[in-house]
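Remarks on the structure that follows.
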Amino acid sequence: MQVSKANNVKVYNLSLGKSLPEWLSDRKRRALQKSDRDLQHRIQLIQDFEMPSVSNGVQMTADNQFILATGTYKPRVRCYEVTQLSMKFERCFDSEVVKFHVLSEDYSKIVFLQCDRYVEFHARYGRYHRLRIPKFGRDLAYHEPSCDLFLVGASPEVYRLNLEQGRFLSPFVTEASAISTCSVNPVHHLLALGTLEGRVECWDPRSRKQAAILDCALSSVTMETQVKGMPSVSALKFKDGLQMAVGTSTGQVLLYDIRSDKPLLVKDHHYSLPIQAVDFHPQSEMVVSTDSRAVRIWDVHTGKAFTAIEPEHNINGMCLVPSSGLILTANETPKLGVYFVPSLGPAPKWCAFLDNLTEELEDSPNSTVYDDYKFVTRTELENLGLSHLVGTSLLRAYMHGYFMDIRLYHKAKAITEPFAYEDYVKTKIKQKIEEDRASRVKIRKLPKVNAMLASKLQEQQEQEQTSKAKREKKAEADGILHDDRFAALFKNPEFQVDESSEDFRLLHPVITKQQKQQQKAAQKRAMLQQFDELEEEEGRPSDEDSSSDDDDDRSWQEELRRQHQQLREERRAEARTQAAQAAPKFYELKKGEEFSSAAGRKQISKRQMKTSLADRLSQEDEQGEVKQIGSAGNQQLIFTIKKSAKETKLKQDTREHHMERKKLRRSAGQLAGKSRAGKFHR
């Protein structure tokens, strides 16, 4: 059990301690409880008061005998009987529960609003009926005189389900785009609806008409509140027939008398988080409000903070046990939170032993902070020369060190380090000198790679950072210069920025202007070194730096035009140089060969067209051939070697031999034909 003191009010955390996993067997559980000291000393108010992963909501029945809690995963509801301090039953759902409401005095009639638009009704034995609404639901409320169940959600309509007739009635149509919460006054049964636009619409179920509209968004903006965004209504709670508490999504709680449109009190949580739940504690005249970060308890009349509960995990819901100081919370953790505040009220009857336990703790308080002792490690003990005290009553072993009396520690410190005070004074003087040196002119140490970029970043650091945007730029510059991830930018030559390239000159047309400004700044620093005693008046700009925005725009445009013109001239000069350097190409022909132009080739082809194919082939055999392909300056020459006289004579003899054989075959064929014709006539 952990005890915290917020505003000198003791808050006992009864849910703190180790928890055993569900998959452990009973034998292993008993063995762990016997061997583990933390499990032996923990206080388990209700057995298995937890969920598998996350709890969404927690409520208590009207007879104060049962506690209902919903959570995941798998989506489920668990019922705990306080007289037995244990779980009574557990039921699972198909989808997660958004809100639920207990319709009866005990757990026999419950309605659950689920995230997939289904509404489930459960009886004592289990699920009784299941139906669906047109839009996604966010909250529900029950009107006892008419047996109407009001369901609100992502629509301007309030769906009415009559549980006596078992059918839907005509809905209430509001002026809002969506409704986030609803509540019914327990005295006169007025229905209050919290809208997304930050208004509270009140409807009379008897006349089925709108009674009034209360604008809470404008009232939540005061001199003492911090409002970020549109304050929509996120929580509603009635104290009696007149007083009402409204929680907003920006972290404010407004107390109203419904007879007035102005709030009696505005309380800010200062976290800018939506208010999850609000409840009244009538015995102590306190209001208990919670967001996802903390549970705050404050006075209903003055708004003065009484105490606060800040758990380690986010809060999803809250339940205040009536007429007691016990608070239950649903958290983003398996265990449900159980907090006991004795100053708020006594313990409930089913756990009256808490009063005796807290009284015993108050009678014999154990200080958790050892003001009279000093914790030292083994190394520090050896440096003080007190290692021989180990094992005596002067040292108390704790974790990785020892606790010793603070007076003994100071005496040993003074003996071993007699000049500690002098060293402290020297350190302070050195810090003061370093602070004075920071205001002087510093010599910049620039890297070899990207020196201009490093110089620019250092100048940004030295400039006065007045606005928030400038402070952010300074932090960014510091990160680039000192971050190891960007170290290669100023060390590796491959990351060097080429300022003479075309892309750099077009993207940075004002580079010359920046260089001029750097030269002026260097001259100014030199002048400040010479005239150290002269200082410029604050807020008075110098003549060199004064320039209007129009002049800056004109200089930027002129510099851009100049860069473009200079790049064009450089391209032309480079093209002329390349053309002058280009040398002509020559081709060499063998002796006896001729080169003909395209015109000559056309004339030769015309003459050849008049001759027969045999004559052209004979000419080609006797003479070598030179063919020209392509235009002037890009020629392709094909040579055919001239044949010798022996080869020509041999070819002619072969041709004549072939001709003689053809004639013989023709004459033989003619004779064979005549002989066949004579036989036919016979």
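Cβ from N, Cα, C; glycine included.
What TrEMBL records for this protein:
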COMPBIAS  465-477  compositional bias 'Basic and acidic residues'
COMPBIAS  532-553  compositional bias 'Acidic residues'
COMPBIAS  554-575  compositional bias 'Basic and acidic residues'
COMPBIAS  644-659  compositional bias 'Basic and acidic residues'
DOMAIN    1-364  domain 'Nucleolar protein 10-like N-terminal'
DOMAIN    369-416  domain 'Nucleolar protein 10-like second'
DOMAIN    483-510  domain 'NUC153'
REGION    456-477  region 'Disordered'
REGION    532-682  region 'Disordered'
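Across the compositional bias 'Basic and acidic residues' (644-659), DSSP assigns 15 helix, 0 strand, 1 coil.
The DSSP breakdown of the compositional bias 'Basic and acidic residues' (554-575), given as helix, strand and coil counts, is 22 helix, 0 strand, 0 coil.
Across the domain 'NUC153' (483-510), mean pLDDT in this model comes to 72.
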